[in-house]
Every structure is written in C-alpha cells, then in structure tokens.
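Undergrad: Pasting a structure below so you can have a look.
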Amino acid sequence: MKIFSASQIYEADKYTVEKQGISSDELMERAAVQIFNWMHLRMQGAPVKIHLFCGIGNNGGDGIALARHLQEHGYNFEVFVVNYSDKRSKDFLLNLERLKDRKVWPTFLNSDSEFPEIGKDDIIVDAIFGIGLNRTPDTWVVNLMQYLNNTGTFILSVDIPSGLYVNTIPENPEGVVEADYVLSFQAPKLVFFLPQTGNYVKQWEILDIGLDAEYLTNTKTDYEFIGKNEVLPIYIPREKFSHKGTYGHSLIIGGSYGKVGAVILASKSCLYSGSGLVTAYVPKCGCLPLQTSLPEAMVLTDENEDILSGISYDMVPTVVGIGMGMEKKEATSKAFSDFLNKYKGNLVVDADALNLLSENKKLLKKLPARSILTPHPKELERLIGPWKDDFEKLEKTKKFSEQYDCVLVIKGAHTIVVYDGVGYVNSTGNPGMATAGSGDVLAGMITGLVAQGYEPLQASVFGVYLHGKAADIAIEKCGYQSLVATKIVEHFGEAFMSLLEVPEMPQPESVEEN
Ligand SMILES: NC(=O)C1=CN([C@@H]2O[C@H](COP(=O)(O)OP(=O)(O)OC[C@H]3O[C@@H](n4cnc5c(N)ncnc54)[C@H](OP(=O)(O)O)[C@@H]3O)[C@@H](O)[C@H]2O)[C@H](O)CC1
Ligand SMILES: [K+]
C-alpha cells in the first residue's frame, strides 16, 4: 500500500473532485459516513457519551458532518469547536450550517474557555487538526490536547492524531493527541510507523473514501507499507522438478568463542527459509556445536580456534551472509577486508561486519553492488552518522544507499527497507522480537531468500515481513516474554503458509450516503 505525502493527498482530492464531477463537500460527506459506519457497527446505538472536538478546517468539517449522522441515529453526543483561527474552511461552514439546521449548537472553545467534563467511559472524537497542520498549535490548544490525553478516555482520531504533521516531527511532543484509534483516509501516514511519532497511534485503520484509483495507482510515492498483498507477488513457489541445487548454497560466515550461537541461529534460519544448502564458516571452536545442533548444515573452519583470522573456502556460494557473532579483533578485521577484496557475489552484511565497515569507511567502496546491510539503530548511526530526527535518519539512509548501491534494512518496531530512493515499511512483528539473536535470524532468512533467487531488495522486504509474521504467529502460543529467536525460526513454516490463507471478509452494516 502506498504511503502518500500531504501534498499528494491534496492533489488526489483535487483530481478526484474534477474527475468524478463531485463537490469537495461530497468527499467530506464520504469521509464522515465512513467514520459513522465504523462507529455504528461497534456501538450499535449504545448511549455512551461522545464528545466531538472539531477544528475549523476540513478535519473539523469531517467531525461536524459526523455529528449530523450521530444525531440522525439517536446517539448521545456534544460538539465543541476548537476555535484556533478565524479562517474557517468552506466545507466546515457548510456542515456547521447543516448541523445548526438540525438544532444542534456546538460549544465554541477559545483561549479563555474552561474545558468540558469528560467521563472515563465516554468517547472522544479528535477532529481538531488533520493533515493541514503547518505550525505549532497555540498554548491553549496544546493544553486542551493534554487535557484530553489525561482524561484516560478512549480517543478516536479522524485521519491523523491532531498535532502530528505528515512530513515532519512535531516541535512540541506535548502538543499531540494520543490516539487509541486512528481512522485514516485512503492510506496510512508515514508518521504512524516512526519511532518518534508512532506512539501517538495505538491502532489505526484505513477508510476508503473513493479517491481516484488512477491517481492512486500512477502516483509514485517515497514510501510503501508492506503487508500480505505486497509480498504475495514476490513469493516464488517451489517447482516439482527441482533439487537442492535449485535453491542455492548459502555461506554464513561469523562466530567467535562464546558467540557461535549467532552463526547457529543464522544458519538454521537460512535453512528454514528454504536455502537448498547451507555451509557455516566459523573458528574451530564452532565446529562441534554447529554439527551437533544443526546436522543439516555443513561446516568449514578457520585456522584459528577462537576467532576468524582468514576467510578461504573452495566452494562457490550463491550468497554470503557475514558478521553474526564475529567480533572485531584485528585479525578478523583484516580477514574481512581481504574477503571484500575478492568476493563480488551476493552479500548480506550484519552485526560486527557492519561495525567493521563503520570503523573503516574505505571498505564500503568494496561492497559488491546491491549488498544488503541489516543494521539496528546503533549500527546504523555508526554507518551514517547521527540524525536530528526520524525524517533526517531516513533521508541520510537513502543517500547512503544510493552512494554505495546497497539495500539498507533499518531494524525497528516497523523495520524499513531502503533502496533506490524508496522506503518499504514493514507491517508485521511485535515487541517480543526485542530478544537476543532476533537479528541473526533475520540476516539468515534474507540470506536464504537470496540463495533461492530472490533479488536483494525483494529478499529484504519479504524476509523482514516473514520474520515478523513468524514472530506474530509464535507469540499466540508463547507470549511476548518467552519469544526467543529459535522460536521465531520454528514458525517460519507457518509464516510461509499464512501467505496462502484466504482471509474471511467482514460484513459491515452500513448506512447510505445522503
Ligand atoms: N482526501 C482526504 O483525505 C480528505 C480529507 N479530508 C479531511 O481534510 C483534512 C485536511 O483539512 P485541511 O482543511 O486542509 O486542514 P486541517 O483541518 O488539518 O487544518 C485546518 C487549517 O488550520 C490552519 N492551521 C494549521 N496549523 C495551525 C495551527 N498550528 N494553529 C492554527 N491554525 C493552523 C491551516 O490554515 P492556515 O491558512 O491558517 O495555514 C489549515 O489549513 C484531512 O486531514 C481530512 O480530515 C476531507 O474531509 C475529505 C478528503
Ligand atoms: K485529527
């Protein structure tokens, strides 16, 4: 699913209004009806008090139009206009008139107004600011937002939590509504997925307001949200007349005394994601544990007992995954540099190999084209330098990826794969994955997918999705705390199979648009 910028959404609006021959107010009406349907389906007429806080722009207009539908269906509600400016939008005013025609009189809140009483079990609809926010809200509006946040009442935000920008980070973290649920029109906003702003959005859902399909399809975006629909076309089914050679030979290079487990996890993950053959290259001390715990893998050993000191092998790998548990000893650093001088094939770089690249930036130029780098935030910072906020981090990552022609996997709650100027935001995964070895498993999985013929970008996007999906399936059985990396690998099979499941379609009740 594409993630549009604010200006693209405004353009889609304009295009839709022209092409469908409708007025902008009809688009607002679609938005309001969709929100009403969503609420009505869940509330079924329950007399819970609903407090609507509406700004004076089109986001506020959505809220005002929603109030009309709530009234028509006998809901218990009151409307507050957050009067932060005199520049009321045309469609806001139109809907305000329609509401007044029905004898509903909103309360206007200004800088000197007292805030209304709100019960814990009530519902707040937040339609104060939408995607049109373009400066820090006034102090009294920030105070109102804080007041709403502190009520502990369920907050339903229209389109975006008020106070969040679409393309930048809010200056004042207090001036943002903390939404329990966001109903976002047509497409999610990037800020829902970034570490600095994602916490304002507990849950979100997309409401289709029928923006022009041609515009949406043909417009190229800087970010995409990756769910099942996006990864299904990537999936390569197995062929009947195939053999293990068809699915590639992965070489996993890493390990040091006390950190052989990282290579075991990556190799196991690589096998479980479908690599035909896997060879692990480890210091001598790694041979026995690997052969014992993972009989499916072959093992090559370094001359050194405890660390990697020289990487030489007489096989031809389809792909190499390097760095897990490798440490950064001088001999290892030299071995890695020599390896990069010779190796020009598919490459996945993780953990200490990333740190070696950061310490010796000249090595970056030796990376084979379209290498995949899988840094966690600290490793990323060492590679690209510090950033002032999440947006700058993304821009710097894109630049780095272009400069060295590599795919960057920025690991996080919503891992983002960056390549060729586009960020692919993952939808799967959970906090249980913040556990030892989870990264080794991801690097192993991506390596295994490259071995099977997936292109580096596709392997990264697909691997990140499957890795998170496996963890999502696993926590259903073991909970967040007990999710260990091995459990993620053990659920790869179910993650692959979930791709082929057909979802049940919900049957929502709906009201007619008027
Ligand atoms: N296609 C869609 O998704 C549709 C979305 N709809 C809804 O429309 C809003 C966007 O509405 P818009 O009127 O553009 O913007 P807002 O409602 O967010 O803001 C209103 C105006 O407020 C001014 N502004 C901005 N920041 C501040 C501030 N800090 N303090 C005071 N005022 C501020 C700004 O105007 P200025 O001229 O003063 O700069 C805003 O324009 C979208 O989110 C959806 O909810 C449509 O209903 C249907 C189509
Ligand atoms: K809002």
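Just so it is clear, glycine is given a Cβ too, placed from its N, Cα and C backbone atoms.
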Undergrad: Going by the AMP site in TrEMBL, where Lys411, Gly412, Ala413, His414, Thr415 are listed, which of the candidates Gly385, Gly432, Gly437, Gly439 is also part of it?
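TA: For AMP, TrEMBL names Lys411, Gly412, Ala413, His414, Thr415; of Gly385, Gly432, Gly437, Gly439, the listed one is Gly439.
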Undergrad: In TrEMBL, the residues Asp126, Ser162 are said to bind K(+). Which of Asn59, Asn218, Asn229 is said to bind at that same site?
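TA: That K(+) site, as TrEMBL gives it, pairs Asp126, Ser162 with Asn59.
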Undergrad: Between the Cα atoms of Asn58 ((6S)-NADPHX binding site) and Ser162 (K(+) binding site), what distance do you get, rounded to the nearest Å?
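TA: Checking the Cα atoms of Asn58 ((6S)-NADPHX binding site) and Ser162 (K(+) binding site) gives a distance of 12 Å.
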Undergrad: Do any of the binding-site residues Asn59, Asp126, Ser162, Thr415 touch ligand 2, in the sense that the CB is under 6 Å from one of its atoms?
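TA: Among Asn59, Asp126, Ser162, Thr415, near ligand 2: Asn59, Asp126, Ser162.
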Undergrad: Note the mean pLDDT of the domain 'YjeF N-terminal' (9-217), expressed as a whole number.
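TA: Mean pLDDT for the domain 'YjeF N-terminal' (9-217): 97.
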Undergrad: Of Ser162, His376, His414, which binding-site residues come close to ligand 1, meaning Cβ under 6 Å from one of its atoms?
TA: none
Undergrad: Can you tell me which of the binding-site residues Asn59, Ile131, His376 is spatially closest to His414 (AMP binding site)? Compare CA atoms only.
TA: His376
Undergrad: If one measures from the C-alpha of Asp159 ((6S)-NADPHX binding site) to the C-alpha of Asp126 (K(+) binding site), what distance in angstrom results, rounded to a whole number?
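TA: That comes out at 9 Å between the alpha carbons.
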Undergrad: Which secondary structure state does DSSP assign to Gly61 ((6S)-NADPHX binding site), in the simple three-class scheme?
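TA: For Gly61 ((6S)-NADPHX binding site) - judged by DSSP and reduced to three states - the answer is helix.
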Undergrad: For Asp126 (K(+) binding site), what is the secondary structure by DSSP, using just helix, strand and coil?
TA: strand
